[in-house]
Amino acid sequence: MTTQKFGQIIDGVALSAKLRADVATRVLALKARGVTPGLAVILVGEDPASAVYVRNKVKACQDTGVRSVFEKYEATLSEADLLARIAALNADPSIHGILVQMPIPKHINPHKVIEAISVTKDVDGYATLSAGELMTGAPGFRPCTPYGCMKLIETTGIDLRGKHAVVIGRSNTVGKPMALLLLQANATVTVCHSATRDIGYHTRQADVIVAAVGKRNVLTADMVKPGAVVIDVGMNRNDEGKLCGDVDFAGVKEVAGFITPVPGGVGPMTITMLLVNTLEAAERTVK
């Protein structure tokens, strides 16, 4: 009989590096066939956090051989001009993925912008058609953060079939697609949110917990079944200004079988899965 180990760290940095190496190899194979995967990244305005995210995405492209086209516009850019630029990128065969960094200035409708991106180039997986493909199990693009979470869960060796998974959060970008991906893996899924009466009641029964609400300490040790897999999507700051997640890491790691840290867990995986989606978009053009 094996004894249960607690607090095993799921290393997102190591897994990300492994997956990026695989992307680089597949990019070389595509280039040998005359196709270089191309990702267009559009930044509108001066949001400092967005600028950092975009820099990281462009660097990740450079590191793996993906061609990145970075377009930066003033915050005064009109909605019509942005939509026209997206239409031009949709028609450009050298561009396989299009990403508009959010948030965008208030005079531009984000829904219109996301919907303007061709479903074949929607590597963020946010558009309504992409969400429909995910819902029906069609082979579309999976949103990068939930896709990365699934890869992290895979590393634990847990067979999700019949397991109880609880997702805390119901956002269109993480919570809802996360629940769908877990369903596709044959888990029994419960989604908790701000109107859930007793989140702990549900999480204490869970074999897998994904916390994705953007609120510190939403999951504490008393809410976790011993040996559970805990994935922390949150990105917050503690009282000392240090990065922390939605999970009380120090407490929960004493109970959980596996847990992702913040930073170094889900974060690195999000950009990696963006590269994977862009690569797959390019591969589809030569199949």
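Yeah, the Cβs are placed from backbone N, Cα and C, and that goes for glycine too.
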**Item:** One of Ser130, Ser194 listed by Swiss-Prot as binding NADP(+) at the site of Gly169, Arg170, Ser171
**Value:** Ser194
**Asked** Counting every protein chain present, what is the number of Cβ atoms, excluding its own, within 10 Å of the Cβ of Ser171 (NADP(+) binding site)?
**Response** 16
**Message:** Test of understanding: give the count of other CB atoms lying within 10 angstroms of the CB of Arg170 (NADP(+) binding site).
**Reply:** 18
**NADP(+) site span - longest C-alpha distance across Gly169, Arg170, Ser171, Ser194, in Å** = 11
**Message:** I need the neighbours of the NADP(+) site defined by Gly169, Arg170, Ser171, Ser194. Which other residues of that chain put their C-beta within 8 angstroms of the C-beta centroid, in sequence order?
**Reply:** Ile168, Val174, Gly175, Val191, His193, Ala212, Val213
**Cβ neighbours within the same chain of Gly169 (NADP(+) binding site) - under 8 Å, at least six residues apart** = Gly175, Met178, Val191, Cys192, His193, Val210, Ala211, Ala212, Val213, Gly214, Val233
